[in-house]
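Q: I have a structure I would like to understand better, so I am pasting it below and will then ask my questions one at a time.
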There are 2 protein chains.
Amino acid sequence: MSSSEVHKVCLPPYKTTIQKLRHGLSEIFFPDDPFHGFKNQTWFKKLVLGLQFFFPIFLWAPNYSVKLLRSDIISGLTIASLAIPQGISYAKLANLPPIVGLYSSFVPPLIYSVLGSSRHLAVGPVSIASLVMGTMLSEVVSPIDQSILYLQLAFTATFFGGVFQASLGFLRLGFVIDFLSKATLVGFMAGAAVIVSLQQLKGLLGIVHFTSKMQIVPVLSSVIQHKDEWSWQTIVMGVGFLIFLLTTRQISLKKAKLFWISAAAPLASVILSTILVVLMKSKVHGIKTIGHLPKGLNPPSSNMLYFDGPHLALALKTGLITGILSLTEGVAVGRTFAALKNYQVDGNKEMMAIGLMNMAGSCSSCYVTTGSFSRSAVNYNAGAQTVVSNIIMAAAVLVTLLFLMPLFYYTPNLILAAIIITAVVGLIDYQAAIRLWKVDKLDFLACLCSFFGVLFISVPLGPAIAVGVSVFKILLHVTRPNTVILGNIPGTQTYQSLNIYKEAQRVPSFLILSVEAPIYFANSNYIQERVLRWIREEEERIKSNKENELRHVILDLTAVTAVDTSGLDSISELKKLLEKRSMQLVLANPVGSVMEKLNHANMLESFGPKGLYLTIGEAVSDISFTWKAQP
Amino acid sequence: MSSSEVHKVCLPPYKTTIQKLRHGLSEIFFPDDPFHGFKNQTWFKKLVLGLQFFFPIFLWAPNYSVKLLRSDIISGLTIASLAIPQGISYAKLANLPPIVGLYSSFVPPLIYSVLGSSRHLAVGPVSIASLVMGTMLSEVVSPIDQSILYLQLAFTATFFGGVFQASLGFLRLGFVIDFLSKATLVGFMAGAAVIVSLQQLKGLLGIVHFTSKMQIVPVLSSVIQHKDEWSWQTIVMGVGFLIFLLTTRQISLKKAKLFWISAAAPLASVILSTILVVLMKSKVHGIKTIGHLPKGLNPPSSNMLYFDGPHLALALKTGLITGILSLTEGVAVGRTFAALKNYQVDGNKEMMAIGLMNMAGSCSSCYVTTGSFSRSAVNYNAGAQTVVSNIIMAAAVLVTLLFLMPLFYYTPNLILAAIIITAVVGLIDYQAAIRLWKVDKLDFLACLCSFFGVLFISVPLGPAIAVGVSVFKILLHVTRPNTVILGNIPGTQTYQSLNIYKEAQRVPSFLILSVEAPIYFANSNYIQERVLRWIREEEERIKSNKENELRHVILDLTAVTAVDTSGLDSISELKKLLEKRSMQLVLANPVGSVMEKLNHANMLESFGPKGLYLTIGEAVSDISFTWKAQP
């Protein structure tokens, strides 16, 4: 390339403020352009597409076949065998009557099968949301002494959670859940799993008076304080079933084909333990059982929603937190299995589906539900093809509700504790934590923060801590961006970090710096100081090596993806400071939005054609050429 | 360049975790390398440098001359003539006895002259911090009925503010104040100025029963409700002096050389109005005056600090908020005038100086002080050379405190109101707001948010709103980064946005995308979806134009300055998704830290040498070459 060939740096095509605003809003709310299929279609076709868009059932129902049905029946029955014992257990975890767990495995899956777009999601109560709801509500209202109020608050929180979820989806604010980063979720889930498991010692040891607190210290001290209440019969039986369940889990983990072993184990344990208790009931007394459960379908509960009164704020808060947690789980599970089978799940649509299903649930005696990771995995492994497996599961729950409830009378509580522990153990993903440590220390730190935050501060605060840590990470990166000194790679027009590329060479009398962040109010002072320090250090180096004096400082703006007024002020000031020291500040390769801002701030004129280049290479060759041509 | 010349993408030199941590921490806390002068010095020299570092007085005192002293005396007396009436007025604004304003113009300037590194800062009480302190304290404690407690809380808040400021400086967390971006400060200050001016209607109209609230609605309705208390004598005199003061201000603004007109006007008005009141006192009764002020120096007040009791939290909160506000003003003023005279002010050291001066002030009957913008400008224009002008000013205040206090007995309150309004009118920087609108619409929005937040919600919440808006702006940029489709500029190895550079050309069967942000948990889903949409749109375009099939997607990572585990997962998943559609994902020019993460996540192998290039140009030529060579 000859030194005279210089390309002009162009401004982006002119757009009015309204156009920019429209573009910006469409990127924020419709980045996936969800209605692109609707363009250039007839009126009728648009109607059909619209129906399919809002009710995905219309997408797959016309092509549904007997073959698909067979797969769905098998997988539906499999997850039902998991959903029934887990439903009862998780309701217990939320301090709700066990029957509510079954109700919640009946209505929501039916609603989801109409609205949901994931083919593998198994819908029902989940451990984390149950735990958080139980903790938050029972801190204020006693589930035993004020059981009606407690139930009202649980349904109301579910309703608010559903409204929140559906509005996030409807307003296309789905990206909000992205702020619960995977790294912090790993820590949060592990912390919650530890707390839940320790809480289950109540059932497993047969303790009657247990703390309702959720931090690790009161839970552990409660276990030790009530040593006199430990019941050896409960312990023997509980630990026995726990070992059985954990073993079946381990087997299924080793061989994915044997998934049915761990899927069938909970129901088998329930049946077996119930028989055992019935057989021994005249001899052994320490073992507590579930007791009477009412037969029949979900009673309506819309009259129990609680829209004013002293606890409204509590219901709202609980709804928001359980809502966002269950949403995160549901959407993540949906995305995971969609990626495995190579289809797309629209996050915002899923949120609307989950939200509507919870709103409907809150009016039919259900508490908060979502897609469960463990049951969805079983569903996937059992060969589920469509959401019909959820319908089959709901049918199985229906049969249970109508006819089988008396059978649970002698089911011991300890088996529920064992089922919960087995389920939450899977939430402790130590391999993911190790990977975080290996790949990204800051992510690992975020993970640790939310883990210990949950253990020692509070479970419901966990997501807040997680979000806080994640946002702090972003701000740290923006506040202290990297600046790199570049050199030319001989024989090319490429400039790369001197520190990384040993063949890269300094250009005499030039200092070429790359700023690796947008220049913002939060870092404009820092960048200015840091650039001045680079110049000072470079001058010291030049002095000790007796090289050519430093004359030109090139700022490579390739990675400066945005700039605000503070950033522009900093650049201007830097230019003036350098001019006072008879050095020239040159900008290279500003992106479109930065060029626009430079233009609006009238800085293009002050830099002039010799102060702004498309590439570092052109800047260096053109300036050297001009410089040499001078006398 | 021949197609065979391909440069290897290198990893940064290996560093242990400890080394990385040390580097990271030194970039966060010592980006300016403050101790670089200490390297390779003798023990004695280091001691001298250390003294000069912590007490800048040792830097300039040895070279101080009579000539400098003359300038400093003139400027010192000039700012004293402003500081005395403003001190009394601002103390009133904080609901404190007027004498506290004078105390605060005596001790803190002396302390600052030893510790401070700005040569032009004029230290004393300022309007914003006075307003915020007055609002926050008087919301809980009545300054009239509980005057001792109120005074205790004011000193205690000043102490906490000082501790907070000094610790920010000592812990080198000075960047915290950068989060109060200039854009939001413009809005905040304008809002506060409007509120303060409206509040002064109390003094200017002679109203006795005035609201202590600080939102615009109660203030305005209070003005109208108490119409019967308006005193026409006060109004006539007040408006007259206000017009006089505003006129002098306008004259000085037009001609910088006439700065002394506006500098002398407040004191002149005080004297004139006092004489007028004395002359008319037998005839006119509606005009309220300052009344008795005690003579004498600052009494010690360390015994009034309040370290436990019900209002401790209030004092702490007030201290934090006034502390950060006054710090922001002081540091910004110091930086502004340092830039004009081409010397450096170390933000962290300034914070320690301001903090220590407030801590000392709180023990000597002073409330929160900092560098005042208006008085510093006068100081600068009057030719101040060093901080000695602060000492001269303190001496003038000393004389006032010892001998002149009785003269203020008949000074009317209305003149204080007029002085405050004239001072805060300068805070309404509508030109800055217009510039924000022109250059950066989002900055303008942030400015509006803090303006209206202050007016309608609360003044102390103002900074919080401002920080919130600023952080939201950063998060928005990170959550929805720009992705740009690139083309080759003919005859070069440069690739630029197709949208901006009309000469740029698509490379057949390639799609080249530049991602303009770090790939993080907060945007990894978005970027994945957005890239897939670009591919879909490109395929539709290719189909309608009947061009070559799309085979290679190059992601230009130049502006991807960081990546976390979620980002890596997204890239991996994108790669798999594209492979299923028989397309290849290629990465170009990852920066050092991204290369490290790719390596740790074992992704370098999965991409292989044909999936990772140093530049887009090399990627395109090498892949095309290989592709053509295949049968």
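Heads up, the Cβ atoms here are built off N, Cα and C, so glycines get one too.
Please treat TrEMBL annotations as automatic predictions, because they have not gone through curation.
Annotated domain 'STAS' per TrEMBL: A:500-623, in sequence order. Here TrEMBL flags A:43-61, A:96-115, A:122-142, A:148-171, A:183-210, A:230-246, A:258-279, A:382-408, A:414-432, A:444-472 as transmembrane segment.
Tell me what's around each of these sites.
A: Regional average pLDDT for the domain 'STAS' (A:500-623) in the model is 91.
Residues 78-79, 81-82, 84-86, 237, 241, 244-245, 248-249, 251-252, 287, 289, 377-378, 381-382, 407-408, 410-412, 414-415, 418-419, 422 of the same chain sit 6 or more residues outside the transmembrane segment (A:258-279) yet have a Cβ under 8 Å from a Cβ within it.
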Q: Residue list, the transmembrane segment (A:230-246) vs rest of chain: Cβ under 8 Å, 6 or more residues beyond ends.
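A: For the transmembrane segment (A:230-246), the nonlocal Cβ contacts are 203-207, 262, 265-266, 269, 272-273, 276, 284, 286-288, 412, 414-415, 417-419, 421-422, 425.
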Q: Take a look at A:122-142, A:148-171, A:183-210, A:414-432 and tell me which one has the most Cβ pairs under 8 Å to the transmembrane segment (A:444-472).
A: A:183-210
Q: Quick test of the contact rule: Cβ under 8 Å, at least six residues beyond the ends. What residues does that give for the transmembrane segment (A:414-432)?
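A: Same-chain contacts beyond the ends: 85-86, 88-90, 92-93, 98, 127-128, 182, 186, 189-190, 192-194, 196-197, 200-204, 206, 234, 237-238, 241-242, 245-246, 249, 266, 269-270, 273, 287-288, 290, 373-374.
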Q: Check the transmembrane segment (A:148-171) against each of A:96-115, A:122-142, A:183-210 and return whichever range has the most CB pairs under 8 Å.
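A: Result: A:122-142.
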Q: Going along the chain, which residues at least six beyond the ends of the transmembrane segment (A:183-210) come within the CB cut-off of under 8 Å?
A: 92-93, 127-128, 131-132, 216, 219-220, 222-223, 226, 229-231, 233-235, 238-239, 242, 286-288, 328, 332, 413-414, 416-418, 420-421, 424-425, 427-430, 432-433, 436, 440, 443-444, 446-455, 459, 462-463, 465-467, 469-470
